[in-house]
Amino acid sequence: MQFLTILFDTLLDILPIAAIIFGFQYLVIRKKVKHLPQVLAGFVLVLIGLSFFLMGLEQALFPMGGLMAEQLSSETFLPALAEGAQRHWSDYYWIYIFAFAIGASTTIAEPSLIAVSIKAGEISGGTINPLMLRIAVALGMAFGITLGTWRIVMGYPLQWFVLGAYILVIIQTLRSPKSIIPLAFDSGGVTTSTITVPIIAALGLGLAASIPGRSPVMDGFGMIALACLFPIITVMGYAQIAEWKEKRAAKATPAASRN
Amino acid sequence: MDFAFSLLRQMRDSLRDLAPVVLVIGFFQLVVVQQPLPDSVNLLDLFTGLLFVVIGLTLFIQGLQLGLFPVGEGLAQAFARKGSVFWLLLFSFALGFGSTVAEPALIAVAAKAGEVVAEGGLIANTLEAQNAFAFNLRMVVAASVGTAVVVGVIRILKGWPLHFMIIGGYIIVLLLTLAAPDEIVGIAYDSGGVTTSTITVPLVTALGVGLATAIKGRNPMLDGFGLIAFASVMPIIFVLAYGLIGV
């Protein structure tokens, strides 16, 4: 019964794109769709698949993220507090470690990232090392989420962090080698896959709900935004370091050959 | 036979996406937390749920590759070559809008946002009000991605430089942040990250690459990317504006 409701809602979700694709195809381009039965079968698979995914989302992904946030910030788990003392932000260290581990582990093995980094290595002609690039993206993502959890613990406004990150991105965009810029911006999007987004969202909202003095509306969001911004910064940073090393090596070689 | 193979390969990819999450959480449960699960969480439910996620994602992506992507990409290339700016822009908007409405990560985050905003007392705490908020949010984000694709296509046609436009977008975001109600800021920033995942990226990239190949002197790699970069800034602007006008 529940599945039928989800199935119907999902049908409404994919109706616009189906209408747009077939509408433009038949009314504007006026050509028949090639392999029509296969295309229709594809739409049915999308419908069933999305319904299953959304059901699993409610049943597993959201609860898992929320559960971790709740357990790692509960009073029974945290170090004991002296009478009347305020809790220090460093008491939540397991949360930061967890956030970092989730961010790094989901990113480092991401197939689309592996493909992109190999390609970037080829384009750069050896200046960029594919493995180092992947590490740069994973570190950026992990740092972004960890910073996001720390922000929720402290209750600082998200604006400050995003403003700071924007300023860094702008400065680096103006200073980085041109060829790396598209790649850097893309890597921000690569890190937020369909599975990690719900887990991270639930983690942030769960933390904001269980840490005293924080509210989910004011503090719970923003983890995804930071997780997207910091890979841009680390990738451009890595490219700048790689370029600087290249230049230094180029300067050093003629000097060495003269001696 | 081919189909069964690609289905299996897709399932392996979905499992590989899920594995690090399950491993990290499992490690923390067994080694760090070492507490029994609370009554609200049922282990069997979790496992069936994860199974649904893997099956769902596998079928979903397989279906996209079978139906939506080939037709969508064919259309994108046809419109890029057609030469009519009006139809091209209309199609660009429709493509950005329609693909974002069906984006799973956006459905997930919008539903959570509806719940949280209702609990926070900003809208009536009923299921209808929550669903209405989630629906409106998704429509605003979808319209913003549609607009982003239109702006990106105009940029490719005119050959405007990309970074100045993105920096301009950032500045608008910062100005709107000062004016918008604080409760919407987090949701707005997050909605920029969820739009660029499963459906939108391949379709919109196909449009950018098709256009860049059809127009002389454009770089497919650079221009295809530009559309995505806009699609992650524009939602922030639109959702902040939506919060300003009134939720």
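Glycine is treated like the rest: Cβ placed from N, Cα and C.
Some features that TrEMBL has for this protein:
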TRANSMEM  A:6-27  transmembrane segment
TRANSMEM  A:39-57  transmembrane segment
TRANSMEM  A:93-119  transmembrane segment
TRANSMEM  A:131-152  transmembrane segment
TRANSMEM  A:158-176  transmembrane segment
TRANSMEM  A:188-209  transmembrane segment
TRANSMEM  A:221-241  transmembrane segment
For this session: Decide whether the stretches the transmembrane segment (A:188-209) and the transmembrane segment (A:221-241) have at least 3 CB pairs under 8 angstroms, with pairs required to be 6 or more apart in sequence.
Result: yes
Problem set entry | Intrachain residues whose Cβ lies under 8 Å of the transmembrane segment (A:131-152), provided they are six or more past its termini | 89, 92, 95-96, 99-104, 106-108, 113-114, 117, 120-121, 158, 161, 187, 190-191, 200, 203-204, 207-208, 211, 214, 219-220, 222-223, 226-235, 237-238, 242
Exercise. Mind checking which residues reach the transmembrane segment (A:93-119)? Cβ under 8 Å, same chain, six or more beyond either end.
Worked result: 68-69, 72-73, 77, 130-131, 133-135, 137-139, 141-146, 148-150, 153, 183, 186-187, 190-191, 193, 195-196, 199-200, 203, 207, 227, 231
Exercise. In the same chain, which residue numbers or ranges, 6 or more beyond the ends of the transmembrane segment (A:6-27), come under 8 angstroms Cβ to Cβ?
Worked result: 33, 43, 46-48, 50-51, 54-55
